[in-house]
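Participant: A single structure is presented below for examination.
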């Protein structure tokens, strides 16, 4: 017997054995549904370049970030160039999930997705989808189902009869799969579907079996093969084989059909009778999953559902069914059966959420920065449905009120697989909402519709977009001076709406070195402390700024102002501006007249600076002792109102200055005395000396002597300082007789005061008749001072007669002139007769008339408060009355009449020295407020009697009469100050807080 395995023809064998030349890697680009297509052979080494997105697709190669979203772990992408490389895990076509159950002729693809993010414009990423066709290489060997294959061949089998041999399988694709079969013992026969061919007569009685070796060879390069033992058993003959009604059967079965569901019935007929005509059906060499999912009734040929059918897992089942009779030498035949699994809407849409671009996902949480622009993709959402047709059409939405929406990510999406960007619709604010729960709902179009949901937690990450804020922005605090170093002043706090390090604050003081030398701030807590003791008297107010800077990037700062008002402590004594005070006051000053200013300061504040003054010693009493002192000295004590109080002392001296209030008094000679002078006296001979005194002091008591009248011949001169009268020139006969010199004695005060003295000089060799001379002197006292009494009166009358004679002779020249002279003389004689004796008229007015105070003199008013009227010239009657006021007193025979000036004074006299010598001591000093504030300055004033009048005996135009002081009244009711404290013999008390005090007499 000869056996042959039927195979391909020689031409087919030539084609099968043609070597497929591969370059190892084919980098071809194509477009499938708008996506990118690359081709690469499986099992390539790591880092093999598959394709370059930037170069191949015209995408940017700089300023962009490429990130592989789908394709791991077999692929990796260069982040800058977009080049796609293989990884350490090789691409094995036979183990890829989507390529395991590929039908004949289907290609194997590996899908990938790459996101491209613009790093410059910070835009939402772009999604690039592509596929890589994984091309098969011959890396798998054909395999028989068993190492020993047994078939039965009846004896007497006709030559050319065919018997099926179990197939060998190869995991490679068709070209690299099983190409032919060969018997290593016996004739070679090559066929893709191996069949045993009977080439000779078989006789079971001669040989009942044959052992052959069958070899399966693939079409790869190099070729791979395997072999098995083929045992042929010769059986008895059976004349007819079963025949199927159809050469192929096709049917459909719905997925999820229940077990035992009838799918298809195959039927074969056998013309033999008996057991040789009874047919039995079996699944012929069916490979998984057919035996697992289907079974066939051996008698009826009905195919039933054996296991759960899932179209999404197995969409088609193909297998052979063998019909074999039951004869002694059974005969069989087979038919090809294809069963398509139809879809039911049994799969809900699947929602897959994964990261995209720079947004990372971890454990269902996506983190996105709050500063991302609107439209930024947070995630890539892929919605798919394993069903097909309408059952796979899915609608996807974002549920709830969240600032996110779905946008299609690719135009190449199929009906059952769609991709979306989950992107923002409004700006995110970490400080307002820190995280969102985004729920995505997908609903298919089946009936009934199925849906599914998936959620993503989106956490908004903080960026440093908020500056620290102080509340309030102005910190005002009161802080006592004399503090301890390091003592807390104030807490300044700021808040930052950011999070983490963006909200960690560092405090600092802004200011110059002087501020930083006095204050410090805790950088972590914001506590402001004083580094050294403060002194309010040095500086009462400090103002500086503090900053709070966060630790974010970039750094943000906030500022606030700190104002520190230093509170006072009673740490300073009252201080007088001078170490001692000396004041001068004129005598005769009216009460409450200002004397001087005492200034005391206390640099403290408030009650600590409220100063009270008192006089020490003597329990606060101060009086003028009998008015005999020219100066007064006492001590002032200043006490503040602090707790405990502080005090200081100062000495005060008040000097009483002299006022020119006394006229000079002539003590020698008296007005009624006379001095005899020999006519033979030579010039510069001593005649008389005028002695005078002035009760004033200083310049007010310096006297100046002058001859005011009675010296028509200039016979005499007087020393202005000593008052000595000397003869100026030689005398003649006409100079004999009585001379009356009017001597004026003036002081140097301002205004100056003066008095008039009458010096009588009798020029004669002897005095024969004293009574006559005294009568002449007495007559002189009543002669007006403006008429000269100088020498022999007979000489005067002779001169007068000579003048009349001369006038008469001159009158001959004209009657008119004579008449005028007579009228003039008569008029003059009449005036003299009417006026009486007017000697010394000018001097009398100056001597006896007190000068009135001008209207513009300040502070001088009468008793009724009215201004005094200006002084008018004295009339003739007033002059006569003043002349009569002179009193004569003849004390003895040798005494001439003497004028007595009043030497006793009333208590109201302007002379304070005389006042206190003739009266008991009176209070003289008081303190009163000088200004309306009644709190800054005080006056010490002299409290004089209200009636302070004096009638003088003479004076010149520049002297001051007693009317200045008469009727003077201090109007206490008109005082404009709040309080006054009089010493008046009592202690000082309740003095006001003051910076300056003034004294007044």
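Yeah, the Cβs are placed from backbone N, Cα and C, and that goes for glycine too.
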Participant: Looking at the candidate ranges 782-803, 804-825, 826-847, 848-869, report the one that TrEMBL labels transmembrane segment.
Facilitator: 804-825
Participant: Could you give me the DSSP helix, strand and coil counts for the domain 'Cadherin' (687-786)?
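Facilitator: Taking the domain 'Cadherin' (687-786) as a whole: 19 helix, 41 strand, 40 coil.
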Participant: Which residue counts does DSSP yield for the domain 'Cadherin' (32-144) in the helix, strand and coil classes, in that order?
Facilitator: 8 helix, 47 strand, 58 coil
Participant: By DSSP assignment, list the helix, strand and coil residue numbers for the domain 'Cadherin' (245-351), in that order.
Facilitator: 8 helix, 49 strand, 50 coil
Participant: Taking the domain 'Cadherin' (32-144) as the first stretch and the domain 'Cadherin' (360-470) as the second, find out whether 3 or more Cβ pairs fall under 8 Å, excluding pairs closer than 6 in sequence.
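Facilitator: Between the domain 'Cadherin' (32-144) and the domain 'Cadherin' (360-470), contact is present.
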Participant: Per-residue pLDDT averaged over the domain 'Cadherin' (687-786) comes to what?
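Facilitator: Here the mean pLDDT over the domain 'Cadherin' (687-786) amounts to 91.
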Participant: Where DSSP helix means H, G or I and strand means E or B, what are the helix, strand and coil counts for the domain 'Cadherin' (577-666)?
Facilitator: 7 helix, 40 strand, 43 coil
